[in-house]
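First comes the structure, then the notes that go with it.
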Amino acid sequence: MRFAAKIRDWLLANDPALSRLRMAGRVTLTVIAAVACLALIHIAGLALPTIAYGLAIILSIEGGVAVRDRLPSDQLKTRLIGCVVSLVCVGLAAVLEDYRYISDPMFLVVIAGATVGRVYGPRGFAVGMFAFTSYFMGAYLKPSLSDLPLGAIGPVVAVVTGHLVRSYLLPDDWRRDLLRSLVAIQGRVGDILMKLAVLSSGGIVSDSDRRELRQLEERLKDVVLMAEGFLPRTADGTIDPEDEPLTSLTMKIFDVHLAAESVIVLSFEALPPFMLVHALIEGDQDMAEKIVTSPAVTDDDRVAESAAALIWLQKVRMALTEAIEDGRRDRFRAIEDAAAEPGSAKIDFSLRNPVMRSAVQITTASSLAMVFGLMLSRDRWFWAVLTAFLIFTNTKSRGDAAIRALQRSIGTLLGIASGLVLATLIGGYPLVSVPIAVLCIFLGFYCLQISYAAMTFFISIVLCLVYGLTGVLTLDLLQLRSEETLIGALAGTIVAFLVFPASTRSTLDLALGRWFDGLRELLSAVREGRSGSEIIALSHKLDAAYREVTLAARPLGTTWSVVSRPGQVRQTLGIFLGATYWARIFARNAVRAGEKPEGEVLAALEDVLNTIGALSARGSECFVVKRKLSRGAGRHLPIFKHGSRVGVEMIGTMLGRLYPATA
């Protein structure tokens, strides 16, 4: 029991809403259920062709990963459409099998259609993946026309089992997931307090301590974004300001996040007293109040500010605790479900649409991979095309594509090496090989959202075990598999750099444009005195824009990047983080004040808005300029006294550091 509790605690710490666990479980259970159903049909006397099993497995996987509709009825509709498309693609592959000079180019037509279909949103993406994987499986397994009637049982079984697993066995429940994420927020705030207690007892904050606190802050931000993602929204993606329980909970989450950030920022200047942190960890509010009013705290303005931030954090934590207890008691029944699905994206087939440019890239990369893959092998070139197709998933720049190609190559090579050892040792023991293969499927899709290389590693092991069980495992085959993967990765990387190349700098410029727009919108909303719910929504939008900037800047510092100074990149991102933080502080104070800014605050706000207009056009230049930042020169930052004035002044200071005049 103790071991099980440790495993559960570890899972909740790394996957608060258990969303990764649930997705991996869905994929694994659907694969097991689909294969078991087909095996029972086979045992009952109806011999099924290999294509039935292949389609059942691949569509079970895609049904668990690619189908992203919110409602079960919409999920079933997507699966049914995908099933029909799957049968059409397999039939097309079977009909054209004897005409290879037609069937191979037809694969490229299917790839083009699958990627262009993404303009229709999540459903188009899912159906496209069904089409691509089905034609891939048909071309790889080469079913005859006589196999198709019974082969159709595979996709049908995959649709039925996938729907049953997702709707009834491991269903989505935003109320349950919201509660788990709120509990995780409390836990991660507790981690920050524990770290502060250690630092306060020593009285010193080193650079490594600062990095650890920033990492803890990022972990908190992750789970805050997760919690906000579970909140019901209107069709335009916003929080309904008329839903008082929902807006109240939104504000509580926002306050906890901002208070925790404030504690970290102010602790960098002056650590709070150890006894105060200890009292708050133990929940001794009376002792905490006594310490805050003691001369040892009040006589030092910096310490007083750190202490005030801690008291603020404790108050909003208590408010969030009450919300958690309410959620446990009534499962947030006061909050209504989302009334409608989010609005569909505008259909745009022009090359101005990034989806269309990506479709051209993927089709071109697949063509290149097909040509060189065929040179290497007439029968195994499909792996090159598969790699070229997949490395463009969730990439926004050529740097992203190169990183993903490298991850897939490394994962494949290491997975094949490990799988070869495993298959050699246990290949003759199906009772051992099959459970290990199932475990690797689970681990692969559990890792999908956090490490593409790890996912590829585990799936490569599964393929080795399958090769071993079917008696076709040879060193030559594995070498060919590795070479085809490298061909696909290289083809994808070359195309990413040559065809509609989205450089990291250009992608970063777009992300920075959204960040500057978000900052301008937030500050303008405060200036105009808009409603609190609207200002908080814009504050969330700015925070999300900052996350986009960090993702867009991720390839910077790699060997193929012009900017190869990771320290400078982190420094620049730190300035954006600071500006985002102070803008959110300013917005929070404006909401609390309930009135438009006036006097000095308004004048400073106008100056900042003018500065934003002047600087936004300079884009990613800030990541290459040289600047001198002195942490020791930072002045006292009183966020509780004259917080609005200081908040807007600090935004201006941060913007000035982005593009120093001397650069």
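First residue shown is number 1, and so on along the chain.
Every residue, even glycine, has its Cβ placed from backbone N, Cα and C.
No curator has checked TrEMBL annotations; they are predicted automatically.
Per TrEMBL, the range carrying the annotation transmembrane segment out of 125-142, 575-592 is 125-142. Residues of the domain 'Integral membrane bound transporter' (368-494) grouped by DSSP class, helix first, strand second and coil last, total 103 helix, 0 strand, 24 coil.
Ranked by the number of CB pairs under 8 Å to the transmembrane segment (381-397), the listed stretches 27-44, 50-67, 409-426, 486-504 are led by 486-504.
Sequence-distant contacts of the transmembrane segment (50-67) (same chain, six or more residues past either end, CB-CB distance under 8 Å): 23, 26-27, 30-31, 33-35, 38, 75, 78-79, 82-83, 86, 90, 125-126, 129-130, 133-134, 136-138, 140-141, 143, 147-148, 150-155, 157-159, 161-162, 165-166, 445, 448.
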